[in-house]
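The structure appears right after this line, and notes come after that.
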Amino acid sequence: GWAGGYPEIVKENELFERYYRELGIVPAGEWDAFMAALREPLPATLRITGYRSHAKEILHCLKEKYFRELQDLEVDGQKVEMPQSLSWYPEELAWHTNLSRKILRKSPQLEKFHQFLVSETECGNISRQEAVSMIPPLLLDVSPHHKILDMCAAPGSKTAQLIEMLHADMNVPFPKGFVIANDVDNKRCYLLVHQAKRLNSPCIMVVNHDASSIPNLQIDVDGRKEILFYDRILCDVPCSGDGTMRKNIDVWKKWTTQNSLQLHGLQLRIATRGVEQLAEGGRMVYSTCSLNPIENEAVITSLLEKSQGALELADVSSELPGLKRMPGITKWKVMLKDGQWFEEWKDVPSNRQTQIRPTMFPVKDEEKLKAMNLERCLRILPHHQNTGGFFVAVLIKKSPMPWNKRQPKVHQKLPQRTGDTEVTAANSGNGSDCIIEERTLAENEESKKMQELQNSDTEQNKKEGVCGPPPSKKMKLFGFKEDPFVFLPEDDPLFLPIQKFYALDPSFPKMNLLTRTQEGKKRQLYMVSKELRNVLLNNSEKMKVINTGIKVWSRNSDGEQFGCAFRLAQEGIYTLYPFIHARIINVCIEDVKILLTQENPFLSKFSSETQKKVKDMAMGSIVLKYDPDPEKPHDLQCPIVLCGWQGKTSLRAFVPKNERLHYLRMMGVEVFKAKRKEEELENKTEEEVQHRLVQTEEGMDVEDKEHDLVTKMEAEIGEESSQSPVENSAMEIENKIEDLDQSSKNANTHVSQESKDTDASNVKD
């Protein structure tokens, strides 16, 4: 039959059933339940961003308002069950419901709940993530000081979890750790950027490399260059995805054992590259959304075997209590797509030895097998807790990999000018057991090139602090051309007015400020942690960086007359706030409601205390701070920091739409109606913009300029949350702003260069 114009996919695959029945990965008597679960749609799951100070407020809002409204609802004849927290996820921060994603999107009764999910997801307070996908970051056991590599990171839900763990203490704006999130697909990297940007962290860098050959990075340690080893590595490799059949139903008809056979080699290469870059004592989590032992236990077995004791499987049976799991298996067979089985490598005919490799088979030596502890792996079966299928293995590195141990002996004979023997040692490590003598010449050449590279890097960094894209003659990389990352020189005159205007604390790390342009006016200022600055400055030649840094200031030329050409950006305000000692206005909760619900409220609408504070303050960018009152428990009990603008007669907040709706929800304001009101306001704003554009041609006075500045900032903020090249927001408000912006550009050619540059920058960011 046909449904909605598409042929209905039959959820049957004889080869799939035959294969997994034979392997026995499902306990006896549970096969029918296993298959029945696979044929059911996957329930919607969500995760609350744990490190945010208002995580408790969101949880309270969900439980007391939205979940209660779902009670006793019937959608398409199906009774909606009350959402339940995932028993194994800490602090009740992850929830699942019996609603499928399709019903959630399409049903009118659930529109309010769906809008809440979309809006909160956009501003980073909630992530809609599959339950099993949340497991690997939890098992990584991350601390805020850890250096983390996410090898195959897109689309970025696990990366977001890792960033949350770094920021476990919200009072520390710059944790010592960082996340380097990598993906081989250039376009998917931008999806990754979008996910990471929701969390507004200065400790994330998105890079674009093949994970199986991701380059060794260097960092400066007390004046000498050392190779960067990671404390934690997430290795969530590409897989056949047969654990996702409930979500990706086309897997039913496409599934064949050939997919796993083709991916095994790549998975092993990526995992090998991962353990090479892991620090001793570090932890690497290997995971797939596949149930197939060829992609799972076979890869782990091969890795453990060639590590010669350098790696061991961690026992995580006591971690995540409440999670139902199956132990890893120790015996399996290999099957071709025609149904032919092989139990050992020696049975494989020569004409099949390109499809089937020795590393796909289990170890026959019982003693070796026992020492590997394969039962410490985890396999999640869909019918146990109404989830997808998944596999996880946690590896601990006890000593260097055997092929890395031998290399320093070679380098003792090589000419050394800086003593950086480890750099080339690890660079040449490729997981193969090559003969050392044969590699000496190549390594010698590599060493010379590396030394020249280091010298040129150091000179360039000292002069300019520029981390440009890799030169095309050295690296042939495809994708969008990225702008360079240029750190502000210590004596840059740009910074002095900013420092004075906002009375920045002497401890403010101004060396960590960067821009994305070498020439012309600097439009945006971004900030990274000092550890990521170290990585950027020392690896510009070998690393393709897609994005890093959090926006903290945006140029506003009209602000120069008030003492500072840069206004504060909401994305970076929680990072900046601890360092700002001026232009802070403490507001009460009623003032916050006015700021978030009115476009450009007059000062007379605010409390007398706020009016007094504003009276003696110069016009320009300001910080609006709300502190909860413990004596008023019914009011919002988490602090809020907003960016604002003080005009001659008005005060307003510059906050992206979804973030504005978020704060209003937390204060108990019904935003479902407020959203419609805002749409009406947007229509009015469109008329005002057209009117002002006409005035621009005729010449404007100072008061008109101020109002035009407000409108321009409004459009800019709308773009910041809606014009990302990979974003597909369901929020009509943002779409209206985007359409409005486009029509304004088409209607008038007299828009300032400043506005054009800012628009272009926002689209790229």
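Using N, Cα and C of the backbone, Cβ positions are placed for all residues, glycine too.
On a predicted model such as this, the values are computed, not experimentally measured, just so you know.
Noted in TrEMBL for the protein shown:
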- 34-398: domain 'SAM-dependent MTase RsmB/NOP-type' (DOMAIN)
- Cys152, Ala153, Ala154, Pro155, Gly156, Ser157, Lys158, Asp183, Asp210, Asp236: S-adenosyl-L-methionine binding site (BINDING)
- Cys289: active site, nucleophile (ACT_SITE)
- 436-451: compositional bias 'Basic and acidic residues' (COMPBIAS)
- 743-752: compositional bias 'Polar residues' (COMPBIAS)
- 753-765: compositional bias 'Basic and acidic residues' (COMPBIAS)
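Binding of S-adenosyl-L-methionine is attributed in the record to Cys152, Ala153, Ala154, Pro155, Gly156, Ser157, Lys158, Asp183, Asp210, Asp236, and the widest Cα separation among these residues amounts to 20 Å.
Each residue contributes its Cα atom, and for Lys158 (S-adenosyl-L-methionine binding site) and Cys289 (active site, nucleophile) those atoms are 13 Å apart.
A Cα-Cα distance of 13 Å separates the residue listed as 'active site, nucleophile' from Cys152 (S-adenosyl-L-methionine binding site). Using a 10 Å radius centred on the Cβ of Gly156 (S-adenosyl-L-methionine binding site) and all shown protein chains, the other Cβ atoms total 28.
The average pLDDT the prediction assigns to the domain 'SAM-dependent MTase RsmB/NOP-type' (34-398) is 92. Taking a C-beta cut-off of under 8 Å and a sequence gap of six or more, Asp210 (S-adenosyl-L-methionine binding site) has these contacts in its own chain: Val184.
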